[in-house]
Amino acid sequence: MSSSSSTSPRFGSMISAKLASPPPSLLLPPSPRLQGRRLTPPSCTPGTPAALPSPGPDKEPEREAAGSGSGSATTPRSPAQLGSSQLHRWSRARAHRSGRRLEWPTIRDRGSGGASSPPTPTRPHPSSDEAASAAAKVAVEEEDGYGVVGRDEAAKSIYMVSDGTGWTAEHSVNAALGQFEHCLVDRGCAVNTHLFNGIDDMDRLIEIVKQAAKEGALVLYTLADPSMAEATKKACELWGVPSNDILRPTIEAIASHIGVAPSGIPRSSPSRKGQLTEDYFRRIEAIDFTIKQDDGAQPQNLNRAHIVLVGVSRTGKTPLSIYLAQKGYKVANVPIVMGVNLPKSLFEIDQDKIFGLTINPVVLQAIRKARAKTLGFHGQKSNYAEMEHVRGELDHANQIFAQHPIWPVIEVTGKAIEETAAVVVRIFHDRKQKCAMPRISKRVAPIRIYDYLSEMVNTHVEYQKIFARDF
């Protein structure tokens with residue numbers, strides 16, 4: 001492999017020429033597709049008071065009573081501040097992924113009162129149902145589109161540059177930002193991310209670097225072409241832009257390990273078009289199969305599925321199925337409905353491929369209410385989103401799971417689709433003993449033990465959790 005010192009001098013001269021005589025319209029605006037994406041509460045904006053969610057009619061007397069005692073208005077706490085740490089994490093993570101806001105005060109807002117400020121009245125610690133309902137309400141409001149904010153001028157910008165789709169750069173940056181979740185939300189560190197994909201010529205590359213210099217952005221790039229990657233590095237150095245090559249260290253490490261030089265051909269290169277691999281066609285076939293098997297359709301084909309998901313309505317069976325299908329797994333999902341028997345073919349197939357999904361009833365009720373509102377029958381008489389019906393369906397599902405202890409049951413409350421999919425894939429491969437990926441720790445004949453735990457709330461069995469632990 002060639003080192004950075006042996007890069008062709010023509011790229012250095014091209015960069016110098018571009019920087020010496022820039023065209024009049026050289027600055028490139030941020031990508032409109034990702035413009036305005038932010039990972040911070042709106043209270044971080046200087047001089048902008050934090051917006052508060054509209055209170056319900058049952059909350060107004062409580063706020064008036066709290067404010068009349070001290071003679072001054074007090075800022076009510078957001079529902080997102082209530083509940084357990086797991087539910088807090090769920091709400092924050094959803095805000096991060098969607099680029100929407102959470103009504104959380106920053107350190108400046110919390111500490112601006114000073115010594116003379118009257119103490120804020122404290123509210124009693126909510127019950128588990130109230131906490132779950134509050135966090136679920138925040139997540140549902142975000143999903144419905146409330147609280148979408150524009151671009152934060154005070155935010156730090158991160159530019160992601162790729163010569164392909166940008167999938168690697170985007171997911172790498174999102175994974176890294178997860179390590180700063182405590183700052184992005186709790187401490188008000190504003191971050192904007194902008195994706196520039198399909199960058200395959202020097203002109204566009206220089207435009208992006210100059211725009212990054214103007215905004216003081218960090219440039220992270222995944223460029224397969226070594227000359228483009230080196231040119232990006234030099235351009236960032238000339239313009240004083242902090243940068244990092246995400247892809248190159250990994251490529252060099254693999255090349256050194258296997259003793260083969262990389263091709264250096266970007267995915268978007270015409271020379272690579274038309275080279276569709278067997279894995280590609282297998283993924284397309286899996287997606288086609290999964291779509292046809294959605295929501296219990298064509299139960300006669302369950303034996304052809306790699307994975308079968310069962311659970312009550314709105315436990316995320318369909319999005320999880322599609323996500324797994326994009327990884328090449330043929331997935332079928334079967335709904336559990338009270339009064340409707342499960343298809344006979346479900347019990348005739350290999351039971352090792354069946355996975356159950358369960359969820360907290362309070363969160364499920366909030367999701368169903370949002371679903372009913374979307375479908376337009378929110379005000380109509382229906383037990384679809386009533387708590388008694390929700391509890392009954394989950395109890396019915398738990399009875400089915402108890403009758404089939406070989407089915408792993410995964411708790412999906414507050415989990416992203418990627419997290420649930422990772423659990424499913426890990427159990428699937430461990431059972432089939434087909435995992436081709438090397439394990440971090442060497443294990444011999446993995447033994448899987450399932451612990452059944454039930455949580456009692458108001459004398460009702462809310463849900464059963466099954467934890468898979470490796471020994």
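Here the Cβ of each residue, glycine as well, is placed from N, Cα and C on the backbone.
What Swiss-Prot says about this one:
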- 1-133: region 'Disordered' (REGION)
- 1-49: transit peptide (TRANSIT)
- 21-32: compositional bias 'Pro residues' (COMPBIAS)
- 71-88: compositional bias 'Polar residues' (COMPBIAS)
- 89-99: compositional bias 'Basic residues' (COMPBIAS)
- His171, Ser172, Val173, Asn174, Ala175, Ala176, Leu177, Gly178: ADP binding site (BINDING)
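Cβ contacts within 10 Å of His171 (ADP binding site), excluding its own Cβ and spanning all protein chains shown: 12.
Set side by side, the binding-site residues Val173, Ala175, Ala176, Leu177 differ in how many other CB atoms lie within 10 angstroms of their CB, and the most is found at Val173.
Ser172 (ADP binding site) has a Cβ environment of 15 other Cβ atoms inside 10 Å. Taking the mean position of the Cβ atoms of His171, Ser172, Val173, Asn174, Ala175, Ala176, Leu177, Gly178 as the ADP site, the remaining residues of that chain whose Cβ falls within 8 Å of it are Glu170. Neighbours of Asn174 (ADP binding site), defined as other CB atoms within 10 A of its CB across all chains, total 14. In this view, Gly178 (ADP binding site) is surrounded by 11 other Cβ atoms within 10 Å of its Cβ, with every protein chain counted.
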